[in-house]
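To start, the structure under review is shown below, and the notes come after it.
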Amino acid sequence: MHQDLVMPSVKDYFRSLLESLYDKLPGPTGVSGTVYAIAGSACRYLRDRNEDQCVVVSGESGAGKTEAARIVLQFIALASGQGREVKAMKERLVQAGSLLEAFGNAKTYRNDNSSRFSRVTNQAPGERNFHIFYQLLTGADIQLLSKSFEILGFSQEDIVNVFKIVASVLKLGNISFIPTNNIDGTEGCTISNDYELYEVCELVGSDHSTLQEAMRSRTLVDGSELILADLSASEATHARDSLCKALFSRLFTWLVNRINESIKAKRHGKRKVLGILDVYGFEMFERNGFEQFIINFCNEKLHQVVTESTLKEEQEEYAREGIEWTPIDFFSNSVVCDLIEKNHHGILSMLDEECLKSGFLSDEVFLSKLAQCCAGNSHCEVRHRGAGISDNNLPANCFRLKHYAGTVTYNVCGFVDKNNDILHRDLSQAMYRCRHPLLKVLFPEGNPKRSSLKRPATTGTQFKISISALVRNLSCKHQHYIRCIKPNELKQPRIFEMALVQHQVRYLGLLETVRIRRSGFCYRLQYQLFLSRYKMLSPRTWPTWHVAPVEGVSYLIRDLPIPSGEFAFGRTKLFVRSPRTVFELEEFRRVRLEDLAVLIQKLWRGYRQRKKFLLMKRSQTIIASAWRSWRAREEYRILKHRKQVEWAVGVIQRHYICWKRRQFLLRLSKQLSSECDSPCHKYRLRFDQTARNRMREKVTASIIFKDRKTSYLRSVSHPFLGDYVRLRQNVQWKKACVETNDQYVVFADIINKIARSSGKVRTVFEKISNFVPILFVLSTSSMLILDQRTLQIKYRVPATEIYRLSLSPYLDDVAVFHVRAPSPTREDPSGHQNAPGCLFQSDLGKKKGDFVFQTGHVIEIVTKLFLVVQNAMGKPPEVNISTEFEANFGQQTVMVAFKCMGLPEVQPGQIRISRKGNKMEIHV
């Protein structure tokens, strides 16, 4: 929905036309009241529909746009809540207006508080510079500005720095140059009032000679050489003016950015925005220059956006949706916009071409190109030397454009210079070297490390880019319009110039807008969105509607007490004719939401009370249970304490008796003095044969494995227990060992025997047939392999037949026991009898060959077997610790290789075995 406003109100002759527009707007019909209504509507759309909003204020210069924007801003500030952060933000918004007006507004011929963009060095007769210069000179309102600075988050140092730059602009304007003749015949200049330059240097913190040199000369680039050229008095004056304009313009941009950061809301997720657009007003003076051309171009683009939004696009939407509609003609200013901003043949493009060429720049050359390009164009007339036109009233060196608001004559004198307002690199570097903290921010191109020879964009190009960005920003927001009309040219109240008002009403397109508002529709929404917003108004569509949205909207409208003529069905949208109907829908929705809120409150309160009751009931149960538990624990504590007292008495008695016995023995030991009572002798007496054997085993393990086997260090602190399965106490074993004469058990444990057949890759912790848990027994004369359940002896290998023990140097627990090749006899070389079903080494060699075991006690089992073989043979077996060695697997010899790969599927402490042909790989 687009909304328009005319201000201020007019007399009876024209009041009927304007009130027809007021009737389409919500709220009161007064000037301020209508502005508040527009602002309120934008706030409601932002809050209820979660859409980006923008209030566009348009009109001539002096029509009251700035005042209308201030009223909108005040309304938004008052309607934004009362929180502490909200209040601080509202105060910043209000103070931002005062600060920006001081630095961005000036008095013109038609407006005492006009928004300007460039007038630091020159003003038309009867006009003034920006307000801040006069406020600084007279001392007026400086405290108010300082208060605004502080509220917006500026420190005292920032405020002083800002005023120093403003004062330096004033002081730079006082500097004048005297022409001089150089020795080489070129023209130079000197500063006539050097004391002014000293004061500027004091304000910006610059060295006097550096700034003086930058203002009197310029560095030119000739290939790879730098040439220092003196400036004439006129060139130095122009450079001074460029510096003044650059200082103030960049300071103003810096202030705007700081204010935007200060008033930026803290976003929690993505949020929508409401913007207020107050642009330069259309200007038409007796003498119009480059400044009026840029301002009027901005107004042309804004008028094009407003026209397309309120007149063109709305009528196109009616036709697109199939709504019966009689087209209303209107004036389109697209021709003028294209004439100004066209890429190759537009006025701005031709002006840039003249500015960017090398050599002498001339306004007349630009005017000549403009005359050739616009020949025959009814919207543009040009007069220059050699060009004949029908209108003799057009002054020389001027061109005339037919804008939407009227025909304006522009004098091209100064067009090229103002558009080509380039600051010399010497001045940028001089500003960057100043000690003033803001100047390094305002002149980043002055940094010698970042200096670039790229030519900056012209003023017109920068303005065109900014306007294009503004148009794109407006197109993606819901727009509300405030049209400001100036009642007279005298800036006086209660004076109404009918011709002036009629002219503004016509060129603003208000007549066409009123006709479209009277015949058209003020509100439209897609069926699904309309149903989602108002579905609670009908029992047929509430709470959900699962059929086509247009059918749901039809049922919804039938159930409403609103005439059907207020609605029109398009192809994809529903159109509502009058704002009153929209307000009624919103009021129905508000009442229904209140009813639903009451229902939700009722259910919530019931749920909360029931939850409270259940919580109290559960709490009572818990309290009762806790009380009973406490009593039981207290009784248990008393009983436990009694038993602890009884136990403590017994412990004390036992310890007292032991202490008395110890005292007796100590006294007895003192009385007996003998040579055999030395501490060393006593220690040896306590060191029995079992302890000596264990010490021997530990020493042997150190000799075999120290610095050779990585897992040896883990076994040092663990004693060698030998019988881990308590086999010596097993009755069944005692009977079986008599037959083999293996009564004395050196070692017994459940270990894994690794199968040696080829096949898939396996790990020792997989439950497969390749790894068979067995009972491994080592006696003083042989090595036995038993069934762990029946204790049946499967294999018995005499210790004399084991000649080598092989291991890897890694952390694995794998050991290979090598047995001698098979002999023709079947008898046990030791002369021991065989148990029934037991295989001798000769049969074992024919079938199996060497053994591969995996056990967590690999250090202990190898050490004990080493000692057993040494005792049986009279010499120790060979201990081979290597990553590769050969093993006899029955009928073939296999190369066993250990690899420390760190594979991801092999966890620490596990191994992975693969057998391919005559090679077995064990990954550890």
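Using N, Cα and C of the backbone, Cβ positions are placed for all residues, glycine too.
Within the set 30-52, 283-305, 467-489, 720-742, the record from TrEMBL flags 467-489 under the feature region 'Actin-binding'.
When the region 'Actin-binding' (467-489) is classified with DSSP, helix, strand and coil residues number 9 helix, 7 strand, 7 coil. Taking the centroid of the Cβ atoms of Gly59, Glu60, Ser61, Gly62, Ala63, Gly64, Lys65, Thr66 as the ATP site, the other same-chain residues with Cβ within 8 Å of it are Asn111, Gly281, Cys484, Lys486.
Counting Cβ atoms from all protein chains shown, Thr66 (ATP binding site) has 20 others lying within 10 Å of its own Cβ.
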